[in-house]
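Working notes, beginning with the structure itself.
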Amino acid sequence: MDLIVARNREDLVKARGGGEVALVPTMGALHEGHRSLMRLARSRADQVVVSVFVNPLQFGPNEDFSRYPRTFDSDLDVCRAEGVDVVFHPSVDDMYLPDRQVSLLAGRMGEIVEGESRPGHFDGVLTVVLKLFNLVQPSVAVFGQKDAQQLALIRRMVADLDVPVEIVGAPTVREHDGLALSSRNRYLSEDDRQVALALSRALRAGEAERRPGAIREAAREVLAAAGPRLDLDYVVLVDPATFSEVGEEHAGEAVLAVAARIGATRLIDNVILNLNPA
Ligand code: AMP
């Protein structure tokens, strides 16, 4: 079957098949990370829908909404190559009514860590994801662990609001040198890219330690050694479900997450650690 491009909600209704649907929400500028999500989606349902929508609600006033990469033609080639059934690519006006009033609040969990640096970001993410769920009506939706707090909040939303969609998390896809793939990597110069490698190096340094204090310290040391071109935002070691900092006696899974600005580009990365009891 040929790829169907649905540019508005009417097209989307027409494109919907009879069986189970797996949804992969994206903002486009698709890369290998997105492709891995599509493959996972393919293994889980009869029809795969990929949404490509740069969501203005999740960008702050000083963020990169207008210059966010938009590469729709090559995104379609990627989706075609991955055997995607439907690409949903609505305009902002088609998604958001001019007189819209109601939106979701992510709550306290949306205000910490990444949410502290990006006020309102997760409210915008949850609002668009719930709208996409209602429009596409998938039984499964696939999200990357690369955006660990987003994944945790979507799981929280689905639980709190009884949303009948199974949430599947997918591992982070990296370049050979460790840099996590991101649509924003294309902003990086070759020099920036070398500095950006400190993020994944810091996570690996943390992985080599056993206790929370030492894990945070090892990661911070690597980031400090990257020099003044890396402007560190945070290094945290948090509970994967709540994103609150774990204590020194924590056992079980924890997420070591980092965010930093390199020039004008803000990058995030994380790794899941399994801490053994003391
Ligand atoms: P984005 O287009 O950046 O909003 O991302 C769309 C989806 O792709 C989200 O669920 C991301 O977590 C996921 N994603 C982004 N980068 C990666 C990566 N390097 N590996 C796996 N998933 C990713």
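Heads up, the Cβ atoms here are built off N, Cα and C, so glycines get one too.
Annotations in TrEMBL come from automatic prediction, not curation.
Note that the coordinates shown come from a computational prediction; the quantities given were computed from them, not determined experimentally.
Here is what TrEMBL records for this protein:
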- HIS34: active site, proton donor (ACT_SITE)
- 27-34, 144-147, VAL173, 181-184: ATP binding site (BINDING)
- GLN58, GLN150: (R)-pantoate binding site (BINDING)
- GLN58: beta-alanine binding site (BINDING)
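Across the structure, LEU30 (ATP binding site) and GLN58 ((R)-pantoate binding site) are spaced 18 Å apart at their Cα atoms. Proximity to ligand 1 (Cβ under 6 Å from any of its atoms) holds for these binding-site residues out of MET27, LEU30, GLY33, GLN58: MET27, GLY33. Here HIS34 (active site, proton donor) is positioned 10 angstrom away from MET27 (ATP binding site), judged by their C-alpha atoms. Sequence-distant neighbours of the residue listed as 'active site, proton donor' (same chain, six or more apart, CB under 8 Å from its CB) are VAL24, THR26, VAL50, VAL78, listed in sequence order. If you take the Cα of SER183 (ATP binding site) and the Cα of GLN150 ((R)-pantoate binding site), they are about 16 angstrom apart, rounded to a whole number. Comparing CA positions across the binding-site residues GLY33, GLN145, VAL173, the one lying closest to GLN58 ((R)-pantoate binding site) turns out to be GLN145. Within the same chain, residues at least 6 positions away in sequence whose Cβ sits under 8 Å from that of VAL173 (ATP binding site) are HIS31, GLU32, GLY33, SER36, LYS146, ALA180, LEU181. For GLN145 (ATP binding site), the same-chain residues 6+ apart in sequence whose C-beta sits under 8 angstroms from its C-beta are LEU151, GLY169, ALA170, PRO171, THR172, ASN270, ILE272.
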